[in-house]
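Now, the feature entries from Swiss-Prot:
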- K54: N6-acetyllysine (MOD_RES)
- K60: N6-acetyllysine (MOD_RES)
- K70: N6-acetyllysine (MOD_RES)
- K73: N6-acetyllysine (MOD_RES)
- K90: N6-succinyllysine (MOD_RES)
- K158: N6-succinyllysine (MOD_RES)
- K158: N6-acetyllysine (MOD_RES)
- K162: N6-succinyllysine (MOD_RES)
- K162: N6-acetyllysine (MOD_RES)
- K172: N6-acetyllysine (MOD_RES)
- K176: N6-acetyllysine (MOD_RES)
- K192: N6-acetyllysine (MOD_RES)
- K199: N6-succinyllysine (MOD_RES)
- 5-23: motif 'SIFI-degron' (MOTIF)
- 1-23: transit peptide (TRANSIT)
Amino acid sequence: MAAPAVSGLSRQVRYFSTSVVRPFAKLVRPPVQVYGIEGRYATALYSAASKQKKLEQVEKELLRVAQILKEPKVAASVLNPYVKHSVKVKSLSDIIAKERFSPLTTNLINLLAENGRLSNTQGVVSAFSTMMSVHRGEIPCTVTTASPLEETTLSELKTVLKSFLSQGQILKLEVKTDPSIMGGMIVRIGEKYVDMSAKTKIQKLSKAMREVI
């Protein structure tokens, strides 16, 4: 039963790799285009998973793949360019058997191994995650402050940020701390960037003072 899914994903990857339009390759376009090798693999996988209504399952499995490849022992045997291909294949087969990944995820791993692209796996996972984030209507937002925010302040900030979103969009907030900005905050939401840090204000003041003098 896995053969059609395997051959289908394989055809789609080759389709994007060669940019040749084929009548049988009716691809489901992802909500956002990710360029490069990783983008081509992720797009083909997104299309195949979407057709089978397994986007969430594949996303979960890919995150697990990324986690596994970060393990020192696995990385040493699978991502090391000096390790024989046969050894890598054996290691991957053992991992796939143990994790019981779906045919879609299994075939992606096998394709990456076959094409010598295992080093691009993390990039493919990242590209697929980006597609899924947009698919869910998530808007990435990063807030950087000099020190951790209090719960009340964070709650108020979330309310303000959500007011800028359109209906159906979901705020995906990440809060970071960076003492070097001295105070205030730096906000990046979607393609918008606002620097309200004390460091930048001081730099602007310093520049203005030098111009006056």
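Glycine is no exception: its Cβ is also placed from the backbone N, Cα and C atoms.
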Sort out for me which one of K90, K199 has the most neighbouring CB atoms within 10 A, since those are the modified residues we care about.
K199
Spatially speaking, which of the modified residues K70, K172, K176 is closest to K90 (N6-succinyllysine)? Use C-alpha to C-alpha, please.
K70
Spatial separation of K176 (N6-acetyllysine) from K54 (N6-acetyllysine) - C-alpha basis, Å:
33
CB neighbours of K158 (N6-succinyllysine) within 10 A?
15
Candidates K54, K162, K192: member of the modified residues with the richest Cβ shell (10 Å):
K54
Would you mind reading off the Cα separation of K162 (N6-succinyllysine) from K199 (N6-succinyllysine), to the nearest angstrom?
26
Give me the CA-CA distance between K192 (N6-acetyllysine) and K176 (N6-acetyllysine), in Å, as a whole number.
17
May I ask for the distance between K199 (N6-succinyllysine) and K176 (N6-acetyllysine), taken between their Cα atoms and rounded to an integer number of Å?
16
Looking at the modified residues K60, K70, K73, whose Cα is closest in space to that of K172 (N6-acetyllysine)?
K60
